């Protein structure tokens, strides 16, 4: 990725299913910016507390400190003037105001790196992610490996008690006992009834 002068702002988006390495890639980009002596601020939605409330944590345990926010506009309120790079994990959990927040920060001449799921467990566009992708200068769509057949996986399979979640189940489950797997288009199952 060639960024050129950052005085005009830049939006990067990292998407894909669970287990595709989105948070790991986000952390890698953050660390590279820090090595280059760029000031970085990292944000995440407060609803994402599966591993830590104040860290972005990948499934393999790699982590970096983050500021947890409830509402997207808090990112602008907490943004420090000399920050050059802003990283936002799990963007799908924010409401659609995250689109305007990301745009506003980029318009300040900042590099904004967002990561999140582009599709929900149904295989449908997830929250504001598609709209953030649309305004980005760069989108990287990562894949995982399908646990059923070994092909590239682009979808997240939700399992409840070992069975595929039904289409009408809630999109976001907080504190539920569900598990997830990476699946390809063919092996992804979402029963309608």
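Just so you know, glycine gets a Cβ as well, placed from its N, Cα and C.
Counting only residues at least six positions away in the same chain, the Cβ atoms of 44, 45, 48, 115, 116, 117 sit under 8 Å from the Cβ of residue 90 (active site, proton acceptor). Secondary structure at residue 90 (active site, proton acceptor), taken from DSSP and collapsed to helix, strand or coil, is coil. Annotated active site, proton acceptor per Swiss-Prot: 90, in sequence order, evidence recorded as sequence analysis.
Positions annotated as ATP binding site by Swiss-Prot: 16, 17, 18, 19, 20, 21, 22, 23, 89, 90, 91, 92.
Residue 184 (Zn(2+) binding site): 21 other CB atoms within 10 A of its CB, across all protein chains. Under the heading Zn(2+) binding site, Swiss-Prot lists 146, 149, 184, 187.
Reduced to three states, the DSSP call for residue 149 (Zn(2+) binding site) is coil. In sequence order, 147, 148, 150, 151, 153, 183, 185, 186, 188 are the same-chain residues whose CB sits within 8 A of the CB centroid of 146, 149, 184, 187, the residues recorded for Zn(2+) being left out. Residue pair residue 187 (Zn(2+) binding site) / residue 22 (ATP binding site) shows a Cα separation of 21 Å.
Counting Cβ atoms from all protein chains shown, residue 22 (ATP binding site) has 27 others lying within 10 Å of its own Cβ.
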